[in-house]
Amino acid sequence: MAEPMPPELNRNRFPSLFEVLSRKTVAPLDLFSFYIFMRDQQRSVDYLDFWLDVSQHLQLCRLYVRRLHRSVIEDTPEMEKSSKRSSYLLDNAGEGPSGEKGNPSDQRLSAFLRSDNGSRQHSPQNSLGSDRSTPGRERPPRPSFMTLDTNSPGDSTSPGQNSSTENVPRREDLRASAEKILYTYLLPGSEREIIIPQSILHEVQEAIEGPDQRSDPELFDAAKDYVFQAMERDAFPGFLQSKGLGNLVPQSMMLRLIIGLISFFGAVWAAFILIFLDKSRPTRCWLILPFTVSIYFLFTQQYMLDPILALLGFSEYTLMDFNRIREPFVKKTLRTRSLSLLGLFLLVDAAVCALFIFVPGRRL
């Protein structure tokens, strides 16, 4: 018996960019495919990496607050009875989907971190014994996104959410994470600089390097929203067209164009030779092979779609690297387009072959 389809996949439309970034989609419109598209075709993967790093910074802040709450409860057990409301707010600070503008849980998380910035009496460095033995330990960098498994639409895990005490974040880790984002992506001349308005850059830089020394995730909201809108406007439509309406990558389309043109000119050259040598029509039927190959490759290049591969349920990630199509709406859309393309291809192929096969021959 087939397993029931997850609710997030039961949609009769293409997913939004936020759904892709939230890992609520599957191949070929998953986050892994979007990363490859931004890297190989859009040439602006730094914007996506910035968005992912800010999202991970938010997860790090959530983990810090949860661990802080647990340490406070362990040190003062009576707090759980005397202040249930504050315990609930502290433990659930930052819960909910990240990236939603005006999310109350994210605002509560940022407000708590700002209020905790000046008060270190319950800092995890003092209340968690595991960190005392590792002074100066740096938070490990975010693993390469290319090694993450993004095929599960319900996977909400992220690096840094390990329950092991070795990965317990400290307040210094939050600040180091915020500074790394600033120095890697935002400052002029940085290693992977992205272009954002100067007003937003100045606001973020002042918040991190100023007297407040903020590290709460809310300080990146304006930059994150700007990057999200830029990707949604400039990159995401091309991604949907490439992966939602087609199944080929640009390198494959260029290769098909070259093969198609060479095959077509070869077929035309052979056809005129057979005509002017007054060869019989059965002999000219061999022209069907080169004409069919050339017209098929030219059609697939023009429509960015290989109908045979699509009907078999495959899409191309990179050149000659094919993966199963798992997004139901994409599968249905590509099947419809493939049948239409095959019908048009057979019609044109039959017309061209008939023209060169049945035309009267004349020996020169």
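Every residue, even glycine, has its Cβ placed from backbone N, Cα and C.
According to TrEMBL, the compositional bias 'Polar residues' annotation covers 116-133 (among others).
The compositional bias 'Polar residues' annotation in TrEMBL covers 147-167 (among others).
For the domain 'RGS' (166-249), the model gives a mean pLDDT of 92. What TrEMBL lists as domain 'RGS' is 166-249.
Per TrEMBL, region 'Disordered' is recorded for 76-173.
If you look at the transmembrane segment (253-277), the same-chain residues 6 or more away from its ends with a CB under 8 A from one of its CBs are 283-284, 287, 290-291, 293-298, 300-301, 304, 319, 356, 359, 361-364. Annotation source TrEMBL lists transmembrane segment at 253-277 (among others).
For 286-305 (among others), the entry in TrEMBL reads transmembrane segment. With a cut-off of 8 Å between Cβ atoms, the residues of this chain six or more beyond the transmembrane segment (286-305) that come close are 241-242, 245-248, 253-254, 256-257, 259-264, 266-267, 270-271, 274, 334, 337-338, 341, 344-345, 348-349, 352-353, 356-357.
Per TrEMBL, the feature transmembrane segment maps to 339-359 (among others).
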